[in-house]
Every structure is written in C-alpha cells, then in structure tokens.
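One structure is given below, encoded as structure tokens.
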Amino acid sequence: MSTNLRKTHPLAKIINSSFIDLPSPSNISAWWNFGSLLGACLILQTITGIFLAMHYSPDISLAFSSVAHITRDVQYGWLIRNMHANGASLFFMCIYLHIGRGIYYGSYLYKETWNTGTTLLLLMMATAFVGYVLPWGQMSFWGATVITNLLSAVPYIGNTLVQWIWGGFSVDNATLTRFFTFHFLLPFTIMGLTMVHLLFLHETGSNNPTGLNSNTDKIPFHPYFSYKDLLGLILMLAFLLTLTLFSPNLLGDPDNFTPANPLSTPPHIKPEWYFLFAYXILRSIPNKLGGVLALMLSILVLFMMPILHTSKQRTAQFRPLTQILFWLLIANLLVLTWIGGQPVENPFITIGQMASILHFSILLILMPIAGAIENKMLT
C-alpha cells in the first residue's frame, strides 16, 4: 500500500493539515467565511498593487500624472487601479464583519488569535493610510498633513517626531517616497502575520455559533468548507466587479481628481469611509492630545475584549442583553461613520460626542455588566 504524498511530503502536509484534512466544526455558519475572503482580498490587493507599482512614480512632480497615465495608457490600467482602490474598501468591509463575528460569538477568548488579528487590523489601517497618499491628489496631500500632524500632540517630542516622519518641514517629496516604501513593504508584513494568525487558530481549532466544545462533531475542511468558501469568494468578486465596473468612484473623494496643492485647503478634509468612525471620535474631543488618545483607544480597546468578558457563556447567541448591546454598538458605529463625513458644526458635534461616549461605554462598561447580570439570571 503506497502512502499518500499529500500526507508525507514536508510542504504538502502543512497545506493538507491547514486546508484539506483540517477538522472543522460542522455547524459554523457563513459568518466564518470572512477569514478566507480576507486572504483572497490580500492576494488580490498584492497582485494589483505590484502591477500598479510597475507604472507608478513616487515623486511629487510625477505621481499624479503617473496615476493618470495608468488609467489612460496602460493596458487594463483603469481596471487594475479601480480594482485596487475598491478592493481596499472590500478588504475593510470583510475585516469589520470578521471582527463583528468575533465579538458576537466570543472568538476573542482565543487570546493569541485575537491579538494577532487586532495587530493585523492596525497594520492594514497603516497600509491603507499610506496608500491613500500615493495618487498625490488634494485629499491625499491634506489627509497626510492632518493625520501626521496629530503626532505633534505627543508631549515634548511631538514636533520633532512629525518632522522626522515628514523628512522635512512639510509633507513633501521625502514623505511621498517613504510612504510608497511603506505601502509596498507592509502587505508582506501582513502576509507573515496572517500565517501566525492561522497558526494560533489551528492550535485551538475554530469556535462555533453555540460556543460549545465541538470536538465531538468535526468534519474535514475539504470538500465541505472549501466549497462553502468558494461560494463566498464568487459572491465577493461579483460584488467587487459590479462596484468597479459600474461605479468605480462611488467611495472615492472628488477632491482627489485635483492635483495636490499646498496653498489651497479643501473645505472638508476627511478620510476614506472605513476610517470615518475613528475620525469622528478624534474630532469629538476638543483637546488635541485627548483626541489622539481617544482615536487610538477606539481601536486598541479590541485588545481588552478578552479581559472584559464576564459571562459564563462564550457567545451572545443565548444572551439577550448582550445581543441588544452588540447591535447598539453596530448602530452607534454607523452613526460615527456618518458624523465623520459631516462638517464640524452643530448638531453634528454634539451627536459625535454622544456617540463617542456610547462607543466606549458599551465596550468597557455595559457589556461586562450585562454579562454579570446574565450570569445572575442563569442561577
């Protein structure tokens, strides 16, 4: 009897134990599809990004026109560029749904997997930010100026830090060059950390909607979940292509069709939609340092999720109070996203402040209390 090469070859057996014979819970729903979709997004973004880098010039006198050249003169350049830009939006849609699933079903109790995942989110945000600067349009330039300027709020070393990042006394050629370097480098760091994320996940196996131990009922990943993931992938690509081919500039900013001009500030400086919730939290605090800390904490609060879990049950599936708070959190994040795109005037300022307070209250205070109350209700 010959042994199966898939199970003996040093490389093949790693792939086999990760994607073929991997024991998976039989009851994981479509909410567990987003991990593979994020992997697909990463591959797509890397491929389109490399092709764009072949034609892009990271110099302030050439950047804007090189992007115009890509969309006009390069074979399918318009498609590659629009897929890359909208692929970033899709990437964030998937990661936000993936994190939402993690919070709802208590996946954060796999601490190592959760912490590597949160670090991946931070790296992704950094990559998207430096990437947005590269076309060197008005919003690219002013977005870079405003966000890097936030570091000047750091006590004592703030101004030095900002000038160090800029490579001069303003956002200039040196800034664009280093941002291009980071935008090229970070995705490969993300790939490496993704492998660590998977390694930690496969130490414990997947969680499932009930939150109960699923060791008694496991099925092989292939063919069951490989085909389920394939369906998700087809739907995601259909959505991406529809967005790219019918409305490629829907999520972009019209100001970015104007070349960067340090002498003219756009009336409303705002980031891409996927950063608006954090931007609204930043703006809702009148103090600069306070705003920067709140901005950081709005993401870093995810690292605290495992510590703040008080319930005897893992998932929110059978916890009505936590369910109410979870959906309130989602609604509140949508409100913050809307506020982030509005001008700084009443009533938007007040709404933003209320929503910011609620964001932290739900995660840090109300959810742990709800967990404790639900424990009492069980006894």
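From the backbone N, Cα and C atoms, a Cβ is placed for every residue, glycine too.
The structure displayed is predicted, hence computed values, not measured ones.
Sequence annotations record features per position, and here Swiss-Prot assigns heme b b562 binding site to His84, His183. According to DSSP, His183 (heme b b562 binding site) sits within a helical segment. Under a cutoff of 8 A between CB atoms, and with a sequence separation of 6+ in the same chain, the neighbours of His183 (heme b b562 binding site) are Gly49, Thr127, Val130, Gly131, Leu134.
Residues or ranges marked as heme b b566 binding site by Swiss-Prot on the basis of similarity to another entry: His98, His197. The Cβ of His197 (heme b b566 binding site) lies under 8 Å from the Cβ of Thr113, Thr116, Gly117, Leu120, each of these being in the same chain and 6 or more residues away along the sequence.
According to DSSP, His202 (ubiquinone binding site) is assigned to a helical segment. Taken from Swiss-Prot, the feature ubiquinone binding site applies to His202.
If you look up Swiss-Prot, you'll see 34-54 (among others) marked as transmembrane segment.
Outside the transmembrane segment (78-99), and at least 6 residues removed from its termini, the chain residues within Cβ reach (under 8 Å) are 31, 34-35, 37-38, 41-42, 44-45, 48-49, 51-52, 67, 70-72, 117, 120-121, 124, 128, 131, 236, 239-240, 243-244, 248, 251-252, 272-274, 302. Annotation comment: Swiss-Prot describes 78-99 (among others) as transmembrane segment.
Residues or ranges marked as transmembrane segment by Swiss-Prot: 114-134 (among others).
Residues annotated as transmembrane segment in Swiss-Prot, with similarity to another entry given as evidence: 179-199 (among others). Counting same-chain residues at least six beyond the ends of the transmembrane segment (179-199), those with a Cβ under 8 angstroms from any Cβ of the stretch are 18, 39, 42, 45-46, 49, 53, 56, 58, 113, 116-117, 119-120, 123-124, 126-127, 130-131, 133-134, 144.
Long-range contacts of the transmembrane segment (227-247) within the same chain, counting only residues at least 6 positions beyond its ends with a Cβ under 8 Å from a Cβ of the stretch, are 30, 33-34, 36-37, 40-41, 79, 82-83, 86-87, 89-90, 94. Taken from Swiss-Prot, the feature transmembrane segment applies to 227-247 (among others), supported by similarity to another entry.
Per Swiss-Prot, transmembrane segment is recorded for 289-309 (among others).
Proximity of distant same-chain residues to the transmembrane segment (321-341), defined by a Cβ-Cβ separation under 8 Å and at least 6 residues beyond the stretch ends, is recorded for 100, 103-104, 270-271, 273, 275-281, 283-284, 311, 348, 351-352, 355-356, 358-359, 362-363, 366-367, 370-371, 373-374. Per Swiss-Prot, the feature transmembrane segment maps to 321-341 (among others).
Annotated transmembrane segment per Swiss-Prot: 348-368 (among others), in sequence order.
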Neighbouring C-beta atoms (10 Å sphere around the C-beta of His98 (heme b b566 binding site)): 20
Selection from 34-54, 114-134, 348-368, the stretch that has most Cβ pairs under 8 A to the transmembrane segment (289-309): 348-368
Cβ packing number for His84 (heme b b562 binding site), 10 Å threshold: 20
CB contacts for His202 (ubiquinone binding site) [other CB atoms within 10 A, all chains]: 14
